[in-house]
């Protein structure tokens with residue numbers, strides 16, 4: 001059942017509820033068969049954007065193109081889009097089989113074809129023995145599989161997923177995460193996925209659209225978002241623990257960096273990931289002296305919670321064998337390539353020529 | 001010590017409601033059953049045991065046969081009509097149209113009015129020539145009908161009054177049920193390609209089924225219980241065409257003062273209602289719950 005995915009293009013999408021503007025104009029594109037994630041904190045408008053794409057809510061501005069065709073005004077039932085909901089939205093009065101085949105029945109697919117599709121999908125999602133049960137008799141993970149099966153059976157070219165894993169426990173989540181990813185690749189369907197979990201977004205997506213307060217903060221591959229955060233918000237949102245952002249006063253910069261920044265050097269924020277910091281700081285381009293306030297042991301690494309001269313706290317992920325002791329005054333360092341410079345005023349990344 | 005006191009208290013607490021139940025429910029029911037085996041007393045002749053004579057009379061009562069047919073038509077007609085109308089009103093009131101609060105109020109108003117008042121309103125409504133019903137007919141160029149005075153329209157007229165009075169209350173139940181239907185189920189059906197009508201039939205209606213059963217039970221009970229409007233508007237006439245079982249019991253017992261036959265009819269009614277209650281409980285237990 002290799003179905004070919006559709007391309008999706010969203011241009012200047014806006015949505016307001018009365019006077020409140022929820023989406024202030026967002027843009028993104030996906031290639032057929034791609035996996036795009038809308039990532040952001042709760043209330044950033046990512047689910048709203050998904051509902052607009054699905055056609056369940058009406059747009060206030062902008063356009064939505066599927067395979068190059070403008071579907072902005074097409075009603076939801078005619079967009080040929082599949083959707084997996086956060087709490088699965090299985091029909092409680094129908095059996096698993098009826099739930100899965102409902103869409104085919106509505107579209108008057110002949111019964112033998114319907115049964116063949118059902119059987120194929122049931123096998124794919126290993127739901128065979130559950131087909132006669134009601135949703136209430138299934139576990140969360142099983143319900144999620146049924147919801148996925150319901151979307152897959154219709155062979156829709158575009159599937160939307162609204163935080164589909166958030167109601168599952170950690171183990172099931174990683175299991176179904178890889179299942180979804182595998183289905184996306186093997187069936188060639190295009191997936192738009194909504195989540196607030198950055199590790200989910202980084203591990204599954206081809207493209208991540210990071211959203212904040214109704215607009216797009218950054219679009220890129222997971223690696224781009226991690227390696228080259230475009231804004232302070234991106235830097236803080238991606239990565240666990242998040243990137244450290246230090247004021248110029250706390251850091252000794254290599255010669256010429258501050259000078260090459262056109263504006264007041266005090267406007268600079270120096271970002272560095274906890275895992276890119278070195279201790280001891282030997283031979284590093286940047287360094288900062290600080291005090292260790294607490295140590296969290298996490299197995300492969302230890303997180304050192306540090307306090308700088310000015311009292312700002314930051315984190316270093318330490319993988320060496322020798323642990324410094326609490327309250328010890330140390331100097332940590334990092335290389336030029338690990339340093340990210342931002343403007344405090346605009347929140348944007350600044351490129352220094354050094 | 002404390003223990004003994006609490007047992008005494010418990011007995012008192014039990015006796016009060018039990019005695020009420022016995023005095024006003026069980027005793028009259030049993031007395032009615034006993035009375036149905038005795039004939040009617042008069043000032044000259046005391047009542048004497050007559051066996052199943054009253055029941056033989058019941059079997060041969062042509063008027064009763066007609067009334068049972070009336071009651072069946074009345075119940076079978078008012079129940080689906082009340083359900084359909086109340087679902088329609090609930091959908092309307094639950095929609096995003098302007099003025100839903102006013103609609104809710106006006107739909108619920110008839111439920112708050114006493115049946116006697118309702119009957120009086122509808123007496124004017126049905127009045128031949130001057131009533132609203134006649135005036136509406138006139139607009140469409142049809143002759144005025146004496147709704148309450150014709151054997152073929154009297155019962156239907158009673159049914160309309162009952163539906164009008166009941167539907168507002170049932171609407172409240174349906175409104176509550178509609179608001180508890182999860183939106184994402186409707187969304188999911190819509191995305192599967194279902195039209196609004198299809199979403200309603202396939203998703204909303206099945207989830208309303210417990211409410212529908214509850215409403216049907218209440219409508220059925222009301223069909224036997226409410227006769228005020230019959231007493232006020234038609235007195236069962238013309239020619240028994242709008243007489244219902246409870247009205248007949250009232251007439252036989254308190255107008256004709258035939259207490260024995262009245263008791264016999266009461267036994268019949270209690271039996272009928274008991275049978276219906278059993279069927280309904282069976283249906284309720286089997287069909288009403290999903291989760």
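Keep in mind that glycine also has a Cβ here, set from the backbone N, Cα and C atoms.
When TrEMBL is compared with the stretches B:233-258, B:259-284, the one noted as transmembrane segment is B:259-284. Only pairs six or more apart in sequence are counted, and the transmembrane segment (B:199-221) with the transmembrane segment (B:73-93) gives three or more Cβ pairs under 8 Å, enough to call it a contact. Packing against the transmembrane segment (B:105-125) from elsewhere in the chain are residues 89, 93, 131-133, 148, 157, 160-161, 164-169, 171-172, 226, 228-229, 232-233: each is 6 or more residues past its ends and has a CB under 8 Å from a CB in it. Residues of the same chain lying 6 or more positions beyond the ends of the transmembrane segment (B:73-93) and with a Cβ under 8 Å from any Cβ of it are 100, 103-104, 107, 155-156, 158-159, 162-163, 166-171, 173-175, 177-178, 208, 212, 215-216, 219-220, 222-224, 244.
Nonlocal intrachain contacts for the transmembrane segment (B:259-284), taken as residues 6+ away from its ends with a CB within less than 8 angstroms of a stretch CB, comprise 29, 31-36, 38-41, 47, 50, 54-55, 57-58, 64, 213-214, 216-217, 220-221, 224, 245-246, 248-249, 252-253.
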